[in-house]
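Chemist: Quick one: structure below, then a few questions.
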């Protein structure tokens, strides 16, 4: 079923009303700190990232200071984060590139950002919108799930979902809508047992009946509900 433009607009209006003042949950004070926090956030909750950066940033909050650490020391600081070894390697390499090619500053263009080790499309879009006011839609696990359930987008990859959302959401609202979808996914449209009865979009949601049936208590009684694959969902 293809949603009408009017229904999509109603959904976006409701989301804006519910999450109008929402922003990133990551704590940072400088562009560099946000860059590191977003790199760490892959397959890790923002809550966990904030715990890690609260230990790291008081002493190591610039590329030069990060590079004063040995690789093993960096790994120890971020050990509680998923994929900590590869993230430590990418962070050190990113710091080297920032100093070598960008004067120690976080670049402000998409093409330059994605050159940084550990920075993909999602991370670049987060930085562009959050730091530089560039309209962008970063598709994380929450945005991907909520957009597909609401049929604001119907894609099988984050890139497909991003491109479809760019077409149906006014450009001036791209960055804000990114946060609306994230917070709706965290608070209501959860991956496991979403709170459909509390959802302000229930009457508009094309997936409402299917999701309610699939996640009903009766369906999961006796085995504790569905299990996450490969650990808890992150994001």
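Note that Cβ sites are derived from N, Cα and C of the backbone, with glycine treated the same way.
In TrEMBL, annotation is done automatically, which means it is predicted and not curated.
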Chemist: Looking at the [4Fe-4S] cluster binding annotation from TrEMBL, with 189, 196, 199 already listed, which candidate in 95, 205 is the matching residue?
Modeler: 205
Chemist: Could you please provide the mean pLDDT value for the domain 'HhH-GPD' (40-187)?
Modeler: 97
Chemist: For residue 199 ([4Fe-4S] cluster binding site), which residues in the same chain are close in space, meaning a Cβ under 8 Å from its Cβ, but six or more apart along the sequence?
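Modeler: Those within reach of residue 199 ([4Fe-4S] cluster binding site), by Cβ under 8 Å and sequence separation of 6 or more, are 188, 189, 205, 208.
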Chemist: Excluding 189, 196, 199, 205, please set out which residues of the same chain place their CB within 8 Å of the center of the CB atoms of the [4Fe-4S] cluster site, keeping sequence order.
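Modeler: Other same-chain residues near the [4Fe-4S] cluster site: 149, 188, 194, 195, 201, 202, 207, 208, 211.
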Chemist: Per DSSP, what is the residue tally for the domain 'HhH-GPD' (40-187) in helix, strand and coil?
Modeler: 97 helix, 0 strand, 51 coil
